[in-house]
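Scroll down for the structure; my scribbles are underneath it.
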Amino acid sequence: MKKIKCYAPATVANVVCGYDVLGFAIDNPGDEVVVSFNNNNKTVITKIEGDQGKLPLDAEKNVVGHVVNLFLEKINSNQGIDIELYKKMPLNSGLGSSAASSVGALVAVNELFDNPLSRHELLPLAMEGERLASGNAHADNVAPSLLGGLVLIRSYDPLDVVKLPVEMDLHVVSVHPHVDVPTGEARKIIRQQVPLKKAVEQWGNVAGLVAGFCTNDTDLIGRSMKDVIIEPIRSMLIPYFAEMKQTALNHKAIGFGISGSGPSVFALCKNKDEAEKIAIELHKLLSAQNISCESLVTKINNEGAVIL
Ligand code: HSE
């Protein structure tokens with residue numbers, strides 16, 4: 001029986017100033033999804049590991065089953081599929097956990113059928129996984145997990161997605177304080193109106209960030225990693241956010257911010273030593289306040305999801 005296994009990387013969405021329009025993939029962690037044909041004309045989730053029993057096995061309620069069903073509909077197939085999901089990252093952490101699962105399932109099932117769809121054609125299906133998980137079909141986690149690199153969602157309607165390969169050897173520190181911030185809730189608290197003055201600041205920073213990545217200018221990237229719209233609100237959900245930011249910047253981070261909708265935070269760093277030092281300092285800071293956390297040091301991933 002043919003079995004296909006896919007590794008889909010975690011992602012840092014928004015990259016501080018680019019709410020819903022920017023995201024990059026990181027080398028690890030990433031979810032693994034295994035798919036194979038079955039004989040009962042149904043999509044069946046046969047196994048989930050690493051979720052502490054929190055995710056539904058019902059295929060329509062779990063993003064992996066949901067996106068596989070959309071894929072089958074798209075290619076006009078009523079073939080049954082068995083899915084095994086190996087979660088390698090915490091749920092609701094801000095690392096694009098649901099996105100990695102959706103992307104892993106889609107890339108694996110596409111390979112099982114000998115790739116009838118391109119990665120860009122899989123993207124709208126993966127976005128439906130995000131709609132199921134958070135109530136909104138944003139692309140800034142699924143697109144980088146699918147394509148790798150830094151991805152810009154230039155437009156949602158029509159969908160226009162641009163991959164910018166990252167040539168610099170940047171390191172990423174991610175710290176996950178153990179507090180609960182579901183994406184759906186973190187989206188509801190954002191104000192729906194933006195004063196023009198703040199909008200001007202924000203789009204200047206988005207353009208600056210993209211320009212910085214295109215010209216390998218880490219100073220410009222750092223100056224542009226500022227969010228005057230979303231971060232002031234969402235950071236209230238993350239304990240000691242301001243102190244963590246100051247600590248990271250004091251220890252030479254290029255920039256610091258919320259990873260996706262949080263509660264994870266991340267710092268972009270020029271090298272591994274600086275990244276590891278920041279991870280230790282942020283750990284110390286949170287431990288002193290009796291807040292447990294996990295941290296990781298990784299790199300920006302340019303490949304996106306891969307078949308193992
Ligand atoms: N752009 C989304 C948000 C990413 O910030 O809500 C969620 O991970």
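Glycine is no exception: its Cβ is also placed from the backbone N, Cα and C atoms.
Please treat TrEMBL annotations as automatic predictions, because they have not gone through curation.
The feature domain 'GHMP kinase N-terminal' is assigned by TrEMBL to 62-149. Mean model confidence for the domain 'GHMP kinase N-terminal' (62-149) is a pLDDT of 97.
TrEMBL lists PRO90, LEU91, ASN92, SER93, GLY94, LEU95, GLY96, SER97, SER98, ALA99, ALA100 with the feature ATP binding site. There are 30 other CB atoms within 10 A of the CB of GLY94 (ATP binding site), with all protein chains counted.
Annotated domain 'GHMP kinase C-terminal' per TrEMBL: 210-282, in sequence order.
Neighbour counts of Cβ atoms within 10 Å were compared for the binding-site residues PRO90, GLY96, and the top value is held by GLY96. Apart from PRO90, LEU91, ASN92, SER93, GLY94, LEU95, GLY96, SER97, SER98, ALA99, ALA100, the residues listed for ATP, the same chain places the Cβ atoms of ALA10, MET89, ASN141, GLY260 within 8 Å of the centroid of those Cβ atoms. Around ALA100 (ATP binding site), the same-chain residues six or more apart in sequence whose CB sits under 8 Å from its CB are ALA8, PRO9, ALA10, THR11, GLY30, ASP31, MET89, ASN141, SER145, listed in sequence order.
Reduced to three states, the DSSP call for PRO90 (ATP binding site) is coil.
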